[in-house]
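First the structure, in the form of structure tokens, and then the observations on it.
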Amino acid sequence: MNVLSWTRRGLFAAAAGAALATGLALTPGTALAQTPPGVLIVGQIAEPKSLDPAAVTAQNDFRIVVNMYEGLVQYKSGTLEVEPSLAESWDVSEDGTEYTFKLREGVTFHDGTPFNAEAVKFNFDRMLDEEHPYHNTGPFPLAFFFSAITETQVVDEYTVKLVLNEPYAPLLSNLAYPTGLLVSPTAVAEYGEDYGRNPVGTGPFQFAEWRSNERVVVERYADYWGEPAEAEAVVFRPITDANTRVAEMLSGGIDVMVEVPPTALSEFQGEDYNIVEQAGPHVWFLILNAKEGPFADKRVRQAANYAINKEALVNDVLEGTAEVAAGPIPPAFAWAYNEELDPYPYDPEKARELIEEAGAEGAELTFYVTEGGSGMLDPIPMGTAIQADLNAVGLDVKIETYEWNTFLGEVNPGLEGKADMAEMAWMTNDPDTLPFLALRTAAFPSEGGFNSGYYSNPEVDALLDKARVETDQEERAKLYKEMQEIVQEDAPWVFVANWKQNAVTSDRVENLVLEPSFLLQLEDVVKN
Amino acid sequence: MGNYILKRLISAIPVLLGITIIVFLIMAMIPGDPATAILGSYATPENVEKLNRDLGLDKPLVTRYFIWLGNMLTGDFGRSFSLNRPVIDEILERFNATLILAGTSWLLCAIFGILAGVISASRQYGFADKAITFVVLIGISVPSFFLGMMMILLFAVNLRWLPASGMFAIYGGGDLPDLLRHLAMPAVALAVVATGVVARLSRSAMLEVLRQDYIRTARAKGVGERRVLYGHALRAAMVSIIPVLGIQAGFVLSGSVFIEIVFQWPGVGRMLVDAILTRDILLVQGGVVFVAACYVFFNICVDVAQSLLDPRIKT
């Protein structure tokens with residue numbers, strides 16, 4: 001009996017000890033679920049790679065840098081049109097090769113460095129000139145957005161001129177993209193290749209702290225030239241697991257959550273949370289191999305567009321977090337979007353007829369599906385739903401699934417000899433980018449482009465080349481609208497969905513607005 | 001003894017060299033390269049080539065291996081290009097977090113596992129034995145990540161007793177009670193399976209020893225039951241329990257990958273998963289070599305501890 005009583009005593013002691021320890025740990029925990037007022041805590045999907053705007057490429061990193069930095073121009077709230085930011089005005093030369101910017105005076109970087117034409121020149125030279133002393137602070141993967149710039153000239157202290165090798169209409173929207181945000185030259189000189197962890201800009205928030213995989217903190221910049229930010233500080237937390245992100249939101253550990261999984265949205269119905277949504281410049285599509293196999297026939301490509309029930313995809317698989325796409329340019333580019341185009345309707349009968357006409361009944365198709373990846377939404381369930389729709393009209397689709405980086409390695413070099421169709425999604429900053437890089441004859445993979453399905457139509461090529469050098473926006477819009485009509489008819493892709501970015505906030509957060517650019521501007525957001 | 005430790009340490013060198021070769025080759029062979037991962041949609045062959053040149057990935061494989069190995073021998077693990085900082089800084093910072101988590105779990109599994117095993121064995125087929133065996137079976141069968149998610153749902157979302165994830169409170173905090181609050185759920189979730197394994201093996205090790213003659217002798221000469229159990233039997237049983245604890249140390253270290261993801265613990269396992277997905281070659285290579293070196297070191301420690309306990313093991 002001795003043993004029994006001892007162990008019992010031991011167990012009691014252990015249990016009491018454990019209870020005491022938990023109690024100790026819990027006592028200051030009454031305010032556990034309360035995040036402090038004035039401090040906005042944002043649940044991000046991953047750790048940022050760097051906070052150097054010229055070095056980052058991911059949406060996730062853009063969400064932080066746009067709050068610390070400013071560029072010459074920015075997107076006007078609620079649109080994808082460009083408006084002044086650090087440049088008060090600009091002139092474009094007659095031939096479209098010289099852009100002269102008049103800079104805002106009296107702006108300083110967070111470290112006290114004055115903002116002037118020299119600082120602008122430093123930024124573009126750092127990215128573009130391989131001989132620049134600080135070019136080694138890169139690499140700068142998206143520097144090609146500005147590859148048309150041959151020289152940045154300092155005209156006087158507050159005037160700067162960008163000289164291009166040829167007219168390039170997307171330049172202004174590229175300048176509004178995070179890659180065009182301006183960094184402090186003194187800070188780059190001071191920190192060298194560690195600059196990405198010691199960022200200094202001119203924006204409403206200044207960098208305070210970065211603890212690896214825990215948080216990035218930015219604080220209100222007191223000497224900001226414009227309206228000071230509402231929140232005292234913003235904390236960005238990387239939470240890679242979507243379920244954990246939802247749990248943190250439900251338990252009050254974060255105030256704002258971005259990229260809410262479609263299936264979790266129902267958790268946030270009700271008064272304690274606000275759901276915000278915004279369609280953005282995103283297209284989810286299927287590349288069809290127009291070079292060989294059944295999809296070389298336009299009728300079969302159109303048939304695929306008719307056969308796939310896109311309504312069901314966006315409403316059931318994606319739970320309403322996307323809209324049905326009509327063509328290659330997303331409606332978020334309101335000025336360039338052709339309103340008259342309707343998406344291909346779901347019409348399996350018509351699809352069957354077209355397939356019969358083309359003699360492609362029972363054709364075997366290889367379909368590349370990815371497991372995940374930037375902007376790919378829910379690629380596997382979407383892929384299987386598409387497979388089912390196509391099999392229902394008499395095709396025989398086989399899926400091959402790849403991890404994202406492997407997938408890109410298979411798809412980007414072109415589908416020839418490997419597959420008939422592949423999933424793909426793009427998020428862009430200008431209506432030019434996607435069609436120019438993925439629909440022109442000169443953009444075949446062998447030429448270094450992304451036209452992995454080998455679509456080729458001289459009319460489209462001509463329209464896109466013309467639009468790229470046209471500096472008048474209305475004229476450009478006309479060219480793009482015409483291009484969309486032709487491309488929709490030719491159906492080089494199955495146009496599936498335009499993603500609506502979403503976010504959930506707790507009821508203590510006010511004024512959170514999502515932008516069509518997908519950039520998360522937080523200076524007006526209030527946290528009570 | 002010193003000789004034995006030295007011998008074991010020397011025999012670890014080829015193991016570590018082999019690991020460097022394997023991890024280097026795997027990273028070189030897997031499809032998808034870092035430039036494609038960084039550039040995403042914009043990975044034109046031209047951009048990829050330029051970025052690879054900037055990253056120093058255009059040199060021949062063998063050259064790259066020896067540059068890497070040579071640098072590592074001088075303590076330079078290179079620079080992670082996805083995190084923009086020295087690999088070794090990142091590994092040490094993250095390993096610290098993993099050690100706190102895995103170490104706590106390991107202590108929990110050692111204490112509760114052995115205790116449960118001893119109680120079970122001392123009352124073979126009794127109620128306590130059956131109850132413990134039943135609980136242990138459930139513990140072994142539930143995947144730790146699932147248990148973790150259920151715990152989050154109960155203690156963080158519904159009861160709001162404990163924070164759902166992270167290592168410290170996101171604003172303020174940073175002291176020991178704060179750490180313990182964050183540590184409680186992940187450490188328990190990670191320890192459950194290991195505790196089960198330790199409990200079962202301690203039980204059978206104890207049963208084996210309790211049948212020995214000298215235990216009967218001890219009882220016969222009137223030694224107290226408690227002393228028989230913990231003084232005589234457990235001490236002898238420890239010889240077979242210690243290797244199990246060594247294996248469990250490895251288990252909690254590797255199992256922490258799932259737990260670190262579920263609870264967003266800033267540890268080395270999560271770091272490796274992220275690094276693999278972004279094809280951050282130097283970070284993966286450095287991380288794997290570092291973790292492998294720790295494994296080898298733990299194994300040596302276990303062997304040494306065993307030889308100290310059991311003089312029959314040749315040193």
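Cβ coordinates come from backbone N, Cα and C, glycine included.
Database features (TrEMBL):
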| type | residues | note |
| --- | --- | --- |
| TRANSMEM | B:12-30 | transmembrane segment |
| DOMAIN | B:95-301 | domain 'ABC transmembrane type-1' |
| TRANSMEM | B:99-119 | transmembrane segment |
| TRANSMEM | B:131-159 | transmembrane segment |
| TRANSMEM | B:179-201 | transmembrane segment |
| TRANSMEM | B:236-263 | transmembrane segment |
| TRANSMEM | B:283-305 | transmembrane segment |
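Only pairs six or more apart in sequence are counted, and the transmembrane segment (B:99-119) with the transmembrane segment (B:283-305) gives fewer than three Cβ pairs under 8 Å, not enough to call it a contact.
Beyond the transmembrane segment (B:131-159), the same-chain residues lying 6 or more positions past its ends with a Cβ under 8 Å from any Cβ of the stretch are 116, 119-120, 165, 185-186, 188-190, 192-193, 195-197, 199-200, 203, 255, 258-259, 261-263. For the transmembrane segment (B:12-30), the list of distant contacts is 61, 65, 68-69, 72, 279, 281, 284-285, 288-289, 292-293, 296-297, 300: same-chain residues at least six beyond its ends, Cβ to Cβ under 8 Å. Listed by sequence, the residues of this chain that lie at least six past the ends of the transmembrane segment (B:283-305) yet keep a Cβ under 8 A from its Cβ atoms are 1, 4-5, 8-9, 12, 15-16, 19-20, 23-24, 27, 68, 72, 77-78, 80, 82-83, 87-88, 90-91, 95, 242-243, 245-246, 249-250, 253, 268, 271-272, 275-276. Listed as Cβ neighbours of the transmembrane segment (B:179-201) (distance under 8 Å, sequence separation of 6 or more from its ends, same chain) are residues 100-102, 104-106, 108-110, 112-114, 116-117, 120, 132-133, 136-137, 139-140, 142, 144-145, 147-148, 151-152, 155-156, 162-163, 165-169, 240-241, 244-245, 248, 251-252, 255-256, 259-260, 262-263, 265.
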